[in-house]
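See structure below.
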Amino acid sequence: MPELPEVETVRRGLTQQTLQRVCTGGEVLLSRTIATPTPELFLVALQQTQIQEWRRRGKYLLADLSREGEPAGTWGVHLRMTGQFFWTEPATPLTKHTRVRLRFEGDRELRFIDIRSFGQMWWVPPDRPVESVITGLSKLGPEPFAPEFTARYLRDRLRRSQRPIKTALLDQSLVAGIGNIYADESLFRTGIHPTTPSDRLTKIQAEKLREAIVEVLTASIGAGGTTFSDFRDLTGVNGNYGGQAWVYGRKDQPCRTCGTPIQKLKLAGRSSHFCPRCQPCS
């Protein structure tokens, strides 16, 4: 699933290509991609709207829309497992997994391609709070780059639970946007074993973990995200962070720090990669 850096990369691409452009029409090819309203009303709602801003909240993308200078609601998107946008010309042949296509002025088209078909879109009327329609937004914790995401906040939240620290980091109510890749990478940088109970984290470890999370996410955003399977930017280019990964996706390969083979284990149904020497189990 695309995580914060991948979604931020997409947001930047959407901003570059579609900001201030007017949507002139479109087609929904898979109705369940549109969570609300109906596919027909969704297309009507976006018709002749201009995109004023693309925002990101956790793994959600939010476009503020206007029509003739007046607010026209919010277009929300969650890529889920394999969703991706492709900016192209209308004459470009459709791929098998194209779910939504939207035409824009300037003879351009934005296509939503989703192999697994879990991605979702919403349109929120201008008189409704966005969180009342896209309810997952109300459950998100702070952004990793937000001032409120401090070491103290992190430790206070973690000390209430005995669940493994890796599992805790995947909880979007703790911090928004972190997934499997960057949880593994952050724990490695901090020297914390993924099975460490959350309530055992020391003050110093919490400080180092917060710093590692910010550093890892910043590095990945700078590299355009990570591509291990389906992620691409709007032009079809892979993310470049994968080649820099310390542990994720490197099972049995030597640790870049000490040479010990990277190990992999399952936690709550999710794979975790770690170095048994750099991240000893306490």
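Every residue, even glycine, has its Cβ placed from backbone N, Cα and C.
Positions annotated as active site, schiff-base intermediate with DNA by Swiss-Prot, on the basis of similarity to another entry: PRO2. As annotated by Swiss-Prot, active site, proton donor applies to GLU3, LYS59, ARG270. Annotation source Swiss-Prot lists DNA binding site at HIS97, ARG116, citing similarity to another entry. Taken from Swiss-Prot, the feature zinc finger covers 246-280.
Where Swiss-Prot records a feature, it is marked here on the structure.
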| residue | record | DSSP (3 states) |
| --- | --- | --- |
| PRO2 | active site, schiff-base intermediate with DNA | coil |
| LYS59 | active site, proton donor | coil |
| HIS97 | DNA binding site | coil |
| ARG116 | DNA binding site | coil |
| ARG270 | active site, proton donor | strand |
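Panel annotation: around the zinc finger (246-280), residues 164, 166-167, 170, 180-181, 183-185, 187-189, 191-195, 226, 228 of the same chain, lying at least six beyond its termini, place a Cβ under 8 Å from a Cβ of the stretch.
Sparsest Cβ environment among the recorded positions LYS59, ARG116, ARG270 (other Cβ atoms counted within 10 Å): ARG116.
Cβ neighbour count for GLU3 (active site, proton donor): 22 (other Cβ atoms within 10 Å of its Cβ, all protein chains included).
For ARG116 (DNA binding site), the spatially nearest entry among the active-site residues PRO2, GLU3, LYS59, ARG270 is PRO2, judged by CA separation. A mean pLDDT of 96 is what the model gives for the zinc finger (246-280). Put plainly, the recorded positions PRO2, HIS97 were compared by Cβ crowding within 10 Å, and the winner is PRO2.
Annotation: no recorded positions among PRO2, GLU3, LYS59, HIS97 have CA atoms within 10 angstroms of the CA of ARG270 (active site, proton donor). Taking only the Cα positions, the spacing between LYS59 (active site, proton donor) and PRO2 (active site, schiff-base intermediate with DNA) is 8 angstrom. Counting in whole angstrom, PRO2 (active site, schiff-base intermediate with DNA) lies 17 from HIS97 (DNA binding site) by their C-alpha atoms.
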